[in-house]
Amino acid sequence: MSSHPPIRSYVLRQGYFSHAQRHAYESLLPRYGIPFSENPIDLDSIFGRTAPKILEIGSGMGETTVEIAAQHPEKDFVAIEVHAPGIGSLLDRIEKHGLTNLRIIPHDAKLVLQHMLTGESLDGIHIFFPDPWPKARHHKRRLIQSDFVSLLCNRLKPGGYLHIATDWEDYAIHSLHVLSSEQRLINTAADYAPRPAYRPLTKFEQRGMKLGHTIRDLIFTKAA
């Protein structure tokens, strides 16, 4: 067995943890959180219904996650986030919006996918603005790698989709190559897809567009 620690796609930075975020984290995580487990979970049982299940990896502060879930009450959403301020912020938003179709798993996405989620259990996967790790020596830390995409495919139902959005051209090119190399995935566009109506424009994205940044969406579906 290798003694090398796994390469992580994130760094747990000690960011500002507001009183409201901390309070939400401590008081609401038992209600809306799903504890990490090395055993598979039944999402239908957790949500109390049979409905399409969408996974979001890296929900940030939760603004987009909550907006999408609020606009689509017919679907169930599972967010994965590791940074405490973001977890607290998302929990606070869930409570204020009264959402019953959104839960969060505060753990490493790769471990969640490997242990908790079963094969062909997801109807869609969102990865919006992952850390681009722009320096060449850090490219190995990028989340979108062939082995990880293969794992995502295993968890997607046939006909399910994988949606990645990034404002880094180099990361978009990298992701397009990795996704196109996965034989089970089919690109819905010639290269980059138009932004679908369900993905709202974030404040971060609007600022970037004013500065001339191009946002690129990649949407692939799993072959039936």
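Numbering starts at 1 and runs along the chain as displayed.
Backbone N, Cα and C atoms are what each Cβ position is placed from, and that goes for glycine too.
What Swiss-Prot says about this one:
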ACT_SITE  D131  active site
BINDING   E56, E81, D108, D131  S-adenosyl-L-methionine binding site
BINDING   K135, D167, T202, K203, F204, E205  substrate binding site
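Structural mapping of features recorded in Swiss-Prot.
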{"residue": "E56", "record": "S-adenosyl-L-methionine binding site", "contacts (Cβ under 8 Å, 6+ apart)": "T65, I68, F77, V78, A79, I80, I125, H126, I127, F128"}
{"residue": "E81", "record": "S-adenosyl-L-methionine binding site", "contacts (Cβ under 8 Å, 6+ apart)": "G58, S59, G60, G62, I87, L90, I104, P106"}
{"residue": "D167", "record": "substrate binding site", "contacts (Cβ under 8 Å, 6+ apart)": "F129, E205, G208, H213, T214, I215, R216"}
{"residue": "T202", "record": "substrate binding site", "contacts (Cβ under 8 Å, 6+ apart)": "E63, T64"}
{"residue": "K203", "record": "substrate binding site", "contacts (Cβ under 8 Å, 6+ apart)": "E63"}
{"residue": "F204", "record": "substrate binding site", "contacts (Cβ under 8 Å, 6+ apart)": "F129"}
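For the recorded positions D108, D131, E205, the largest tally of other C-beta atoms within 10 A is found at E205. The two recorded residues, the residue listed as 'active site' and D108 (S-adenosyl-L-methionine binding site), have Cα atoms 14 Å apart.
Taking every pair among E56, E81, D108, D131, the residues recorded as binding S-adenosyl-L-methionine, the greatest CA to CA distance is 14 Å.
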